[in-house]
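Colleague: Per Swiss-Prot, active site is recorded for E140, E149, and the stated evidence type is similarity to another entry. What Swiss-Prot lists as S-adenosyl-L-methionine binding site is Q42, R51, G75, E97, E126. Residues or ranges marked as domain 'SAM-dependent MTase PRMT-type' in Swiss-Prot: 26-357. The annotation region 'Dimerization arm' is assigned in Swiss-Prot to 187-227.
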Amino acid sequence: MASLPNGAASASASAAGGGPAVVDKEVDFANYFCTYSYLYHQKEMLCDRVRMDAYHSAVFRNAHHFRGKVVLDVGTGSGILAIWSAQAGARKVYAVEATNMAEHARELARANDVADIVEVIQGSMEDVVLPEKVDVIISEWMGYFLLRESMFDSVICARDRWLKPDGVMYPSHARMWLAPIRSDLAENKMEDLEIAMHDWNLFVEDTESYYGVNMNVLTKAYRAEHEKYYLKSAIWNNLHPNQVIGQAAVIKEIDCLTATVDEIREVRAQVTMPIKLDMTRLAALAGWFDVHFRGSKQNPATQEVELSTAPDVNGGTHWGQQVFLLTPPLKVNEGDNVKVSFTMVRSKENHRLMDMEFTYELHESSGKQLPAITTKIYLE
């Protein structure tokens, strides 16, 4: 993930109703951008071999898209994509970065002898003014489950303002996936919840015993708070492929050349996922994404490259997968079908976080249909 605007929505926008909330840029910077201004965070992404290999291959196997061209790197971070673009033959690279990481990007450009090509610009992509249109927009904008962080908004803004009509996007396409899985995470999180409640009950007893104040009236609220944290929040995990017990389904496809912010502000899908493993338990759904570097119809890639964050026997990426616990879990068998209705919207409190709702129902191979269950999950 590269860097760009997290933020609390202004009260005036909420009061007005209707359109998208206005973002407080200072709050956004404090909550989101600042994370990417640290080298340790950049190093985490630079050490992700799947990520690095995919972007490196996409650029150098398709050098014709870069040779002699003007490139815009949105959220350049350390500047690695800008440097590769220059090494692939770009005439000019504008590398936009909102944080002070911009200075490190300049240092790296100088150290790698591309400072005459790579111009690092510190500022918000929405505010930056370039002296010319660009042939290529490259960006590593993907967040957890693809759309967390909402950085793609800034890429869309850059595309609409600066990309030439025959320009290309790197990546050019993206997909979101959902799959049924087996996992012990639910038991682990339930145990954590009970430990937290046991600690709370001791606190209530001690507070009344030592200080004469009965806190028990807050027990219900405390439990609800912790149920949200332990059971209703998406869990980062690097799953093994054998934990996937059924057919994964695409729930969203994005064409980066044509997508609008309205199209990604809310995601809705209805999918049916056949179970492929007998006598097991559906404990959760897992979400991940992949992106593709295809160029465009008018200017296709010589070699298409895919970056996938699906469960992998060789280990995963820094994105991992997001696990959405289903409570209660369901006993399933091969031949059963899980039908899921899915909705994901941006949090009203922070447009970079996501609120999700899953309605799932089991259709057994015998013909029996279990009642639908609805659960809310928060991707924070």
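Residue 1 is the first one shown; counting continues down the chain.
The backbone N, Cα and C atoms fix where each Cβ goes, glycine too.
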Colleague: According to DSSP, which kind of secondary structure is E97 (S-adenosyl-L-methionine binding site) found in, if we only use helix, strand and coil?
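Modeller: Reduced to three states, the DSSP call for E97 (S-adenosyl-L-methionine binding site) is strand.
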Colleague: Name the residue among the recorded positions E126, E149 whose Cβ has the smallest number of other Cβ atoms within 10 Å.
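Modeller: Sparsest of the recorded positions E126, E149 by Cβ contacts within 10 Å: E126.
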Colleague: Give me the CA-CA distance between E149 (active site) and R51 (S-adenosyl-L-methionine binding site), in Å, as a whole number.
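Modeller: Cα-Cα, rounded: 18 Å.
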Colleague: Within 10 Å of E140 (active site), Cα to Cα, which of the binding-site residues Q42, R51, G75, E97, E126 are there?
Modeller: R51, G75
Colleague: Find, among the recorded positions listed as E97, E140, the one whose Cβ has the highest number of other Cβ atoms within 10 Å in the structure shown.
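Modeller: Checking each of E97, E140, the winner is E97.
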Colleague: By a simple count, how many Cβ atoms lie within 10 Å of the Cβ of G75 (S-adenosyl-L-methionine binding site), its own Cβ left out?
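Modeller: Taking all protein chains shown, G75 (S-adenosyl-L-methionine binding site) has 25 Cβ neighbours within 10 Å.
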Colleague: Could you put numbers on the helix, strand and coil content of the region 'Dimerization arm' (187-227), residue by residue per DSSP?
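Modeller: Counts, helix then strand then coil: 37 helix, 0 strand, 4 coil.
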